[in-house]
Amino acid sequence: MTWRPQYRSSKYRHVFGKPVTKENCYDGVPITRSVHDNHLCTVNPRFIAVITECAGGGAFLVLSINHTGKVDPHHPKVSGHRGNVLDIKWNPFNDFCIASCSEDTTVKIWDIPEHGVLKNITVPRKELQCHSRRVGLIEWHPTADNIIFSTGYDYQVMVWKLDVPEQVIKNPVRSISVHSDVVLSMSFNTDGSWLATSCKDKKIRVIDPRTGTLLQETNCKSHKASKVLFLGNLKMLLSTGNSRWNHRQIALWDQEDLSQPSYSEDLDGSSGVLFPFYDPDTHMLYIAGKGDGNIRYYEISPEKPYVHYLTEYRSLLPQKGMGVMPKRGLDVCSCEIFRFYKLVTIKSLIEPLSMIVPRRSESYQEDIYPMTAGNKPSMTADEWISGLNKGPVMISLRPGSKLDSYVELGSGKDPTDSMETQHSRSRPGLSLLIQERLDAKEGNARKVYPPTSNGKLDSTHCSPPKTENELRQMFYKQQEEIRRLKEQLNQKDVRIKQLELEIKNVRNSQANL
């Protein structure tokens, strides 16, 4: 019998975690001492928000993503809640809108100024009042605009529509009452047509979020779930929790049949909650434990054995919570496929941690950056309420193709069509800085900046390098891009000469006839 090696080929086998230097961390942040098992931090390409410790109500801090280093202890906060803030989430379709929930039984929607929080913000744009007890968890709908879900210690999951004229909203679109205890986590499938929840009664439930109908429910005593997650389009659920022997455990479920897990694995005997993070583009699963310093990561496949262990990032600094940067905010030139923001309470520190695929070239690697969900909603709140389901609007992460590469998932269009249109208008793979310099040489000098969520151009996004090392890295990246552009221009020159010869031959043959 032929011996076969016990490994599988994967482009993510050698992914490694790369923490930033101390000067690129956020130092001196008064992270909350709350024992609530939430992420406590939320990130988008412009801002990072973290729940802070404060007296006399609840507050959270909003910092520019480039505001690294020592944080002013008197930095203005968003402080309109009367009780401790328990959860915060950025609007996935508006980088200047954030939601928060609190022990004061309310959910509040805040507008963040374009240049950041320059003074204390105490008045929200919307206030949602209907919960009878403290609200512990909020979640935005992944594809519909102005739809947010909240759940609290009254065991209710409430659906809110925000595009209404009232500043104080007291009547949710729907109140879902299928839980017998506190809901610990919520997760949507790709198009937002199903909602999965984990509850303090250790059960996982799959619910129709429009009607509140209970579709599936676990009744398995070998796994007590605390967090649950839909795994993209794989039609599977991932839960973290404890086994009957009180070992920390992960379990995989078929979303059509929750009677028994398809796969389960005991990790260790620690007591901290396991936070799962899933990247549907790379099919990678990250498991980070509260109070741990390590992050395990796996690759998920649709066939058995489903879960393939890759490796583990280890650190001496324990994390209390974690924020995750959306894919559109990653550095594709350094082959970054995921970025965490670790809350290190013992040092009052927020430490960015990049997950890198090691590649020799710093040019755009198309095989590790497929089309990903963008920041445009695929439907309105009224369309979703009426029963419409649409997948997310997809974008390409290729530099220079952000404006015209939006393609709706499941629309039947080829995502490469919009990319080809974009490449026909500008040089492929051209960075913003090099585009500006080349245009200046051509006598058409103009500033090119990335668009904001409202379609306007932002001149503050590209910050200059702060250290000599950053300047050197930027220089090397520019040299690499210039070299690649020269190669492409040479190839096009050769192609042009070939076409000119072909045209000349055709004309000669026609003249002979």
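Cβ coordinates are placed from backbone N, Cα and C, and glycine is handled just like the others.
A TrEMBL annotation is a machine prediction, not a hand-curated record.
Feature annotation from TrEMBL assigns repeat 'WD' to 78-120 (among others). Using a Cβ-Cβ cut-off under 8 Å and counting only residues 6 or more beyond its ends in the same chain, the repeat 'WD' (78-120) has close neighbours at 32, 34, 36, 38-47, 49, 51, 54, 57-64, 67, 126-129, 131-140, 142, 145, 148, 150, 152, 160, 162, 326, 373, 375-377, 452-454, 458, 460.
The annotation repeat 'WD' is assigned in TrEMBL to 128-170 (among others). In the predicted structure, the repeat 'WD' (128-170) carries a mean pLDDT of 95.
Under 8 Å from some Cβ of the repeat 'WD' (176-217) lie the Cβ atoms of residues 37, 136-137, 139, 141-144, 149, 151, 153, 155-159, 223-230, 232-233, 237, 239, 241, 253, 255-258, 280, 384-385, 387, 389-392, 409-410, all in the same chain and six or more residues away from its ends. The annotation repeat 'WD' is assigned in TrEMBL to 176-217 (among others).
For 445-466, the entry in TrEMBL reads region 'Disordered'.
The compositional bias 'Polar residues' annotation in TrEMBL covers 451-462.
According to TrEMBL, the feature coiled coil maps to 468-509.
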